[in-house]
Amino acid sequence: MARTIQSLERAAAMLRLLAGGERRLGLSDIASSLGLAKGTAHGILRTLQQEGFVEQDEASGRYQLGAELLRLGNSYLDVHELRARALVWTDDLARSSGESVYLGVLHQQGVLIVHHVFRPDDSRQVLEVGAMQPLHSTALGKVLSAYDPVAHSEAAEAAREAFTPRTVTSMAGFESVLDLTRARGWGSDVEETWEGVASIAAPIHNRRRMPVGAVGVTGAVERVCKEGELRSDLVAAVRDCARAVSRDLGASRF
Amino acid sequence: MTDTHSTGPFIAAIDQGTTSSRCIVFDRDGRIVSVDQKEHEQIFPKPGWVEHNATEIWENVQEVVAGAISKAKITSADVKAIGITNQRETTLLWDKNTGEPVHNAIVWQDTRTDALCRELGRNVGQDRFRRETGLPLASYFAGPKIRWLLDNVEGLRERAEAGEILFGTMDSWVIWNLTGGPNGGVHVTDVTNASRTLLMNLHNLDWDERILSSMEIPAAVLPEIRSSAEVYGTTADGVLAGVPVASALGDQQAALFGQTCFSEGEAKSTYGTGTFLLMNTGDKPVNSYNGLLTTVGYRIGDQKPVYALEGSIAVTGSLVQWMRDQMGLINSAAEIETLASSVEDNGGAYFVPAFSGLFAPYWRDDARGVIAGLTRYVTKAHIARAVLEATAWQTREIVDAMTKDSGVELTALKVDGGMTSNNLLMQTLSDVLDAPVVRPMVAETTCLGAAYAAGLAVGFWPDTDALRANWRRAAEWTPRMDADVRDREYKNWLKAVQRTMGWIEDEE
């Protein structure tokens, strides 16, 4: 009985082949070098390509090593890179929603605001980049806690302070909020952190579908909600923005 | 980008840039509906020479226009006008009858006309035409490039004098082709592009005959100089057939327009590989005694032209790239902020990136880059901080020169370009300028400016006030640095600048 998996061995051989000698190889070169049928080689190459380990040159059809291999050893996402990628999408979200936009990442026991776009009116606003928000009560924090296990354990261990009468502080209550967040794919905060303020947020994923941050809009509760419900057009705009940033980071459609 | 757009109508803007051509479709609120972009080849025939294949560029322009229109899911009926913005000064001569370029376009960065410019300066030097044109005799500008082509392409001078050859910067080339090319294409340029040729008189906005004869350039090759916002003609064919071509602005002037700097004293700064700062100086050209350029900002229809002072910084974003590619201290440009943020200050280090000499306001080609103030205490993080501060201090020097020349104090700086995503840099900029730094909500101010000008020309927007109403503040940084710290740091920076000078001793 074989103790190893043949297709993985073949894939490894292909990567070694592409790493040495000529940088780009055609399908038939690869197949003949490894003594494989073209169809078999193609199937393995296509899988490697989907994972980003191999790239195919559009013009020549030849294969080369993919950028994903370089990223394997160096996998964290710089928050300033995240901001640079998110810039155009968050500007557009602020414009279409008419509300201010925040981009947050997990930092220690809270949400670090790494990007902030002003509400597009002429009012005086102060840039809040560098500010911290709580994990358990804000829309950004709930999204991070729902999707990132590290954020979840931070929020679970922290003292969940009641900022308003609506803040959910019990562990069971918090878990059901996170279940809801995961089920619908977005999180919210209606006067649970600040009186009169409501937010909607959605998760940003990287190319390996790891949650790397959350993006959301924040505004006066009477604008963000309509007839007691969060406005569905705002929810859609926030989710579109999160998907667009995720796509820019290389995440596939989900 | 996604939902919630009105159904039109729209304005399309073409940005024929140095590395790529782009087309962006905007709606009435100035929001981006779709974008398409394609890079073109950079051709380096010899050290210091840079060329573009103008045929490739025109093909790319057609492709990105079709791409942007199809991504927006609209047709020519939804597009009210096309605006053009372009890399400035890049020079092309082509055959009027066939539409064939007679040579690759000579790109603004190309330095082949250095010696010619010295020769043209005669006993006066590089300011020989400054009073008329607002520019020093330098290899960037189009006039000497035309002269080089006439002197070096066989038989070209005779054909040019016979009226068979047309000159244009990239705006002229794109407009001529859009409006029919050899079949009735209009041969025009706008005042902003013409103001970068060294051939236009800034005061009457016409070609200067004395300069033409000094440079031995036949007037027959020159396009008609028109306003930045007016209908030049209609698109002959392609997906936008029948749509008016209604604006042209050099890229930096387009950004000034897109940032809605319509009042005297308003300024914008675009932070890319290098940086370009333009300040609106109203309806009079201001002479610079501090090494800035005087240029036309824009002209709308029959209105008076609006002038600008321009200062450029050669090395800003490219210094961050240098830290990434040559020094290997960071993996991505954005990481410079991470590294720089890990320390509180520059640790006493100052980095003057005079890689190819000092530009405005010094203009010293004998200078070379320096990192000053090094001690054992200094880490790579301090150097990263010094890298960001270098961009800020160089901006401060340009702003100071503008204040001296124009007598107008800067009230706020509007910024755009890739480096505006660097929060620490923007805060540092505000600190050293002691003025608010403001980022608008649409980062694509160059295309937006061209779209605005085209929209004004066809009545899509009624006036500049309507455009101002579209302008949205996305972020604002306000000064936090104590005045005595700022003064001390500026003094140290100026000391470091002094250390760069005189490094090159007589290159001959």
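Including glycine, each Cβ sits where the backbone N, Cα and C put it.
Just so you know, TrEMBL annotations are computer predictions that nobody has curated.
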Recorded sn-glycerol 3-phosphate site member, picked from B:Asp251, B:Asp283, B:Asp302, that accompanies B:Thr18, B:Arg88, B:Glu89, B:Tyr140 in TrEMBL: B:Asp251
What does the structure give for the C-alpha distance between B:Ser20 (ATP binding site) and B:Thr273 (ADP binding site)? Integer Å is fine. 14
If you run the three-state DSSP split on B:Ser20 (ATP binding site), which class comes out? strand
Using a Cβ-Cβ cut-off below 8 Å, which of the binding-site residues B:Ser20, B:Arg22, B:Thr273, B:Gly317, B:Asn422 are near chain A? B:Asn422
How many Å separate the Cα atoms of B:Gln321 (ATP binding site) and B:Asp251 (sn-glycerol 3-phosphate binding site)? 22
Sort out the sequence-distant neighbours of B:Thr19 (ATP binding site) for me: same chain, 6+ apart, CB within less than 8 Å of its CB, listed by position. B:Glu39, B:His40, B:Gln42
Cα within 10 Å of B:Arg88 (sn-glycerol 3-phosphate binding site) - qualifying binding-site residues among B:Arg22, B:Thr273, B:Gly317, B:Gly418, B:Asn422: none
Min neighbour Cβ count (10 Å) across binding-site residues B:Glu89, B:Asp251 flags B:Glu89
Judged by other C-beta atoms within 10 Å of its C-beta, the most isolated of the binding-site residues B:Gly317, B:Gly418 is B:Gly418
Between B:Gly317 (ADP binding site) and B:Asp251 (sn-glycerol 3-phosphate binding site), find the distance joining the two CA atoms and give it rounded to the nearest Å. 18
